[in-house]
Each structure stands twice: as C-alpha cells, then as structure tokens.
Amino acid sequence: MPEENIFLFVPNLIGYARIVFAIISFYFMPCCPFTASSFYLLSGLLDAFDGHAARALNQGTRFGAMLDMLTDRCATMCLLVNLALLYPRATLLFQLSMSLDVASHWLHLHSSVVRGSESHKMIDLSGNPVLRIYYTSRPALFTLCAGNELFYCLLYLFNFSEGPLVGSVGLFRMGLWITAPIALLKSIISVIHLVTAARNMAALDAADRAKKK
C-alpha cells in the first residue's frame with residue numbers, strides 16, 4: 001500500500017489556501033481596506049471548513065493541527081501590526097494582545113504535547129471548566145474566535161469609514177460595539193490559557209523531580 005502524502009490531505013490544502021488569502025490580504029491592507037478585509041475574512045472562514053474536512057475524510061493530522069494554529073496566530077498578529085500603524089496611540093495594547101495570543105497558545109500547545117495530547121484542543125475534562133467549555137462546545141469556540149477576528153477586522157475598516165448607516169449609526173461602529181465584549185472575553189480566556197498551561201508545566205516539572213529523588 002503506497003505511503004500517504006500528509007501534505008496533500010484536503011484539510012491541509014485548505015490550510016495552504018488560507019495562507020495565500022491571508023498574504024493577499026496583507027498586501028492590500030495599506031491601500032485597499034475592503035479588498036484586504038474580504039480576503040482576510042475569507043481566510044478566517046476557511047478555518048471552519050478544514051476541521052469539517054478533516055473529520056469527514058478522516059484526515060486529521062498533527063501537522064494539520066499545527067498548520068491551523070500557526071495560520072491563525074500569524075494572521076491575527078499581522079492584522080494587529082497594521083492596526084498599530086493605524087492607531088499609534090493604542091500600539092501598546094496591540095503589542096500586549098499579540099504577546100498574550102502567541103504566548104498563551106504556544107505554552108498551552110506545548111503543555112498539551114508534553115502531557116501526551118495529540119492536539120491543543122484535546123484537554124483533560126477534569127481541567128479548567130472555562131477551557132473545557134471553550135474546546136468542547138463548537139458553537140462557543142466559533143463564536144469567540146469569529147467575534148474576536150471580526151472585532152479587529154472592523155477596527156481596521158473603521159479607520160477608513162464608519163460603513164453604511166444603520167439608522168443614525170455606521171455599520172462598522174455598531175459591529176465594534178457588538179464584538180468588543182467578545183474580543184475582551186477571548187483575551188480573558190487567553191489569560192486563563194496561559195495560567196493553566198503554566199500550572200500544568202509546573203506540575204509536570206514537579207512530578208519529574210519527584211521521580212528523580
């Protein structure tokens with residue numbers, strides 16, 4: 001039986017398309033906000049499809065999980081870099097957001113791998129109740145991730161326009177009001193990620209040291 005080419009699995013091909021769309025978005029961000037945001041949101045939307053494809057085709061892989069997470073982190077980070085350029089007074093907040101996002105996911109993934117999980121989304125159900133809901137409820141996970149990305153995307157668009165009026169309020173401004181609490185909640189969950197992962201790593205270190213005594 002011929003060896004399977006993991007790199008050509010359908011979910012991973014979708015992942016490559018996400019990267020291409022994200023790069024196109026970054027290229028247009030300085031000059032063409034609607035083109036840039038369309039490609040950015042398309043890249044994010046495909047994130048939902050690669051997971052469905054992986055489950056439907058039985059093509060879930062460690063490489064695919066890593067590709068998915070890295071694409072998410074890098075795309076968000078690049079958008080935040082652009083936001084820091086557009087809103088220089090808020091640069092520190094964007095820097096903190098980037099640092100928290102990358103650090104929390106990396107440490108959580110690393111602690112999951114060390115503990116023997118195949119993916120950062122496979123958690124011990126006896127662990128933190130907030131993370132348990134976050135990773136076992138697909139609607140909750142989708143709402144928080146999509147709302148967070150939409151908040152930053154709307155903040156980018158808001159720099160250029162308030163959007164079409166809905167009553168007396170611009171659509172982009174209204175969208176920011178709706179998604180801001182979601183983005184804040186996502187940041188709180190990232191802090192929980194970081195603290196929980198740090199405790200897990202410390203517990204593993206303590207167990208290893210106890211074995212050596």
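Cβ from N, Cα, C; glycine included.
Just so it is clear, the model here is predicted, and its values are computed rather than measured.
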- Query: So, in Swiss-Prot, are Phe63 and Val130 both on one side of the membrane?
  - Reply: yes
- For Asp47 (Mg(2+) 2 binding site), nearby residues of its own chain (Cβ under 8 Å, 6 or more apart in sequence): Arg18, Asp68, Thr71, Asp72, Cys145
- Cβ-based contact of the transmembrane segment (28-48) with the transmembrane segment (175-195), 3 or more pairs under 8 Å: no
- If you draw a 10 Å sphere around the Cβ of Asp68 (Mg(2+) 2 binding site), how many other Cβ atoms fall inside it, taking every protein chain shown into account? 22
- Sparsest Cβ environment (other Cβ within 10 Å) among recorded positions Gly51, Arg55, Thr61, Asp72 belongs to Arg55
- Query: Can you name the far-off residues of the same chain, 6+ from the ends of the transmembrane segment (96-116), with a Cβ under 8 Å from a Cβ of it?
  - Reply: 69, 73, 76-77, 80-81, 122-124, 187, 190-191, 193-194, 196-198, 200-201, 204
